[in-house]
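Data block below; observations after.
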Amino acid sequence: MSVFSFIIGVVMVGLAIFAIEAKKLLNSVIMLSAMSLLSVILFVIMEAPDVAITEASVGAGLTTAIFLLSLRKLKRADVE
Amino acid sequence: MKRILSVIIALLFFFMIVTVLNSDSSDSMGIPRYGEVKLSERVSAKYIEKSVNENQDEIRFGVTADAETGSANMVTSIVVNYRSFDTLGEVTVLFISATGVGLLLGGGRKRIGSVISVSPVVKTASRVIAPMLMVLGIYIFVHGHLTPGGGFPGGAIMAAGFLLLVAVDDEKRAYKGLKILEGTMGLLYVFIGIAGLLISGSFLENFLPTGVVGELFSAGIIPVVYSVIGLKVGAELSGIVDDFISEGGDEI
Amino acid sequence: MIQYFSMMLVAAGLYGLLSQKNLVKLIISLNIAEIGVNLFIVSIGYVEGGAAPILSSVSNNSSLLFVDPLPQALVLTSIVIGVGVTALALSLIVSVSKSRGTIDISELSSGGGDRE
């Protein structure tokens, strides 16, 4: 278990640095969604099923959808 | 220059936290080491034994009747019963943010269309799957006191079903009654609290009888409150998604 | 070990908040810091060898060791409030972009172009 959580932790920090430094905004949003999903695995390892279900449905599902819809509206406002 | 300064500040913060984590737990501000926690020194011991008001014997699943909260999920009994005032504050914060989004972005008649053309297979399949998603959401918040989950993820899954319907069809908008449903459910939560005040003497107290631990009709007002919260959160998040896809109104 | 990684996430979110210029990247850095803080709070309540805090027919009250349920209840509230703040912030950014034409904070603070 300790090796597993170590690997997931390293991947999460790498994704975070990549999400901040990415050139396109779409890449940053997808990295954020992947980080949310990996944190669900860490919550299950720490024996917290309530928090895992809430983060999976609210964080990785709806936050990503709201980000993508607002990116669509920002591009429209730029073009016009 | 700005980048180097911000890297230095972030590294200083991390170094400060690592020093606190590595210090001895005999210091007064030491965070306990990961996993070595004595639960008998914390207030959670009383929440687990369900003996905040009076002492309770051992609680067994399916046998004990008339326990203090009567719910098998301990996190639910903390969120809805022991610390229910914080949940009222959280519901209020969600309501304020949904109102803000509706003021800034809503009110338009047209909606943004999809860029790619959607085939009729996807449209028909989504009309079959979206009711299943809503039933899953309703199952999660009705069984909030027996299985993990509760009101908030149940409402979010219902909003995901609504998002599926809206993303596929270019003509679909939310009904007008969605915002009315959200406001009514918020008021209902406050009225349940006032009913607890009138019947038992404290705001948001559990006034229905708590049955046997582990049955569906148990735990007093906990399933009722979670159903109200689940419907409210589902309607709220669906309203936020609907405001984000509308355009053409007179926004601020 | 999880505590160190969650604090690294908070430090990365802090670096993003201090150095980025795009408004949407600021909101993304705020979300990264929130994920780190939620992980840290849940890790305070972990008991070695404990079980998930749900009574069932295989885990009764007195014979098993349970994980602390109070930090999990606090994190439940924190996640939902994070979503509310993100939605309101993004709608403000869309509104600013419609009326000023840019989402770069250096251009906005020096009085950049007013549309309409």
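Every residue gets a Cβ built from N, Cα and C, even glycine.
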Annotated range (TrEMBL: transmembrane segment) out of B:66-86, B:87-107: B:87-107
Range annotated as transmembrane segment in TrEMBL, from B:5-29, B:180-204: B:180-204
For the domain 'Na+/H+ antiporter MnhB subunit-related protein' (B:121-237), the number of residues DSSP places in helix, strand and coil: 80 helix, 1 strand, 36 coil
